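What follows is a short report on a single structure.
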Amino acid sequence: MQQHYDYIIVGAGSAGCVLADRLSESGDHSVLLLEAGGSDKSIFIQMPTALSYPMNSEKYAWQFETDAEADLDGRRLHCPRGKVLGGSSSINGMVYVRGHACDFDEWEEQGAKGWNYQACLPYFRRAENWIDGEDEYRGGDGPLSTCAGNKMTLNPLYRAFIDAGKEAGYPETSDYNGYQQEGFGPMHMTVKNGVRASTSNAYLSRAKKRSNFKLIKGVVVQRILLEEKRAVGVEFELAGELRTCFAKNEVISSAGSIGSVQLLQLSGIGPKTVLEKAGVTPVHHLPGVGQNLQDHLEVYFQYHCQKPITLNGKLDWFSKGLIGAEWILTRKGLGATNHFESCAFIRSRAGLKWPNIQYHFLPAAMRYDGQAAFDGHGFQVHVGPNKPESRGRVEIVSANPSDKPKIQFNYLSTERDRQDWRDCIRLTREILAQPAMDEFRGEEIQPGINVATDAEIDQWVKENVESAYHPSCSCKMGADDDPMAVLDEECRVRGITNLRVVDSSVFPTIPNGNLNAPTIMVAERAADLILHKQPLPPQRSKVWLAPSWETQQRTGEPMR
């Protein structure tokens, strides 16, 4: 096995596959990519409708869980992370949401210089191949294919949800990834010709064809090799043997918001007290490693449907077989979508400059494991506040890489977070009570009409909320004078040369949306920084903000 490479990347996930492609693209640099998981060539990964299977599989995901969460009455929440080529982009719901422009301006305000929306937009566009073609906001010839699924044609509930939002006084948006995020409209997904567009399919497939690129699967990286606070390589276990490889230029951790923290701390980089408690000799005291952890929470807001038109009628094995057969033969139909084809982004209160609540609409009433919630037909929205104040941490518990780290999000630990949930439940109920839903809406399944007061909502949320699987921000970028900043504005680990982190852990704050799209964008921009390329020129495109955001929660008046 070759032992020396220009760049060593740990983790073939949403960011790592992008870096593998971009760093090897010129042919001038040798690149090694190490991945703990295996192949992504499974129908359960590649067929979009099968999304619940890989996420709950030991084969394809690290099945982490949180420590007992005090403000969720001691519940431990599921926290799966991808362990397969493509990482979490191979097990996620394929929803493509960049985030609001103001999220990235907020990053720069938090000390991540050069990461404002104007600087990030060109990299979102470079990554993307939008099915409707290039425009000022969307990319038309990038590796990552995005589309709108079946464009809401297979179920009238998608359009009814958008109409209900308009009747409730909210705007409609034709492209939440473009000029206007706020409002109700069609949802976008990472699917190409009916197949999941993971970063493995989009980026890694290109790198694999190059002689200067090497991929090793089934590898658990034990630690980063350091010499006098300089990263020189990695030590990893392969088929039961410890091996080493060395990096002439840089080591890059793209192991995710849990994995990158774990790797840095196992290597002696992190809060001194955490390292010593775990039995790891501190090499570099960096107190922010593992801190600032953030996530999105969500609930399933469910109703019976009065018409037999929902996906609940397709959950028997015979129907699943027909859907699978059509997909295998044509890559079309219900198998070719994640079923989230309409959505919304709204503000929960006046005075918010940009949305803090996100809706995914699903024409079915399901449980978290993908099974039916009840007998009969129903529909649901996945909903939750997306800009939490609560902050958590990730900490190793021993020097053994096989031991899962301690994960504590401190969910709902602030009064603002709890109030956002009360607002969220009440606003959702109001939206779904609009006339556009009358012909479909039956009895409210959950939360249920008996959940109405602050105390009732608080308790129901505690008992029913789940993670949206968006852990992030645990190795944040920040300014030189921020003692908790793990990275500088070029994703370089502070105090250690030739070492970067590039994944969702670098976010200073969690954006209003799913994480795959911004993670890919970060990797695209980081690749240019690593290669010392001139960054793409900033793009000064206009962004819609509600004209009366300072004084009004929405732009219109509800019909009901």
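Quick reminder: no glycine exception, Cβ is built from N, Cα and C everywhere.
Just so it is clear, the model here is predicted, and its values are computed rather than measured.
Under the heading active site, proton acceptor, Swiss-Prot lists His470, citing sequence analysis as support. Sequence annotations record features per position, and here Swiss-Prot assigns FAD binding site to 6-35 based on sequence analysis.
Location within the structure of each feature annotated in Swiss-Prot.
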residue	record	Cβ contacts under 8 Å, 6 or more apart
Asp6	FAD binding site	Leu23, His29, Ser30, Val31, Ala247, Lys248, Asn249
Val10	FAD binding site	Gly16, Leu34, Val221, Val234, Val251, Ile252, Ser253, Ser254, Ala255, Gly259, Leu263
Ser14	FAD binding site	Gly82, Gly86, Gly87, Ser88, Ser89, Thr199, Asp503, Ser504, Leu515, Asn516, Thr519, Ile520, Ala523
Val18	FAD binding site	Ala127, Thr199, Tyr203, Ile520, Ala523, Glu524, Ala527
Arg22	FAD binding site	Tyr203, Ala523, Glu524, Ala527, Asp528, Leu531
Ser26	FAD binding site	none
His470	active site, proton acceptor	Asp295, His296, Ser504, Ile510, Asn514, Leu515
Fewest other C-beta atoms within 10 angstroms, as judged across Ser30, Leu34, which are the binding-site residues: Ser30
DSSP three-state assignment for Val18 (FAD binding site): helix
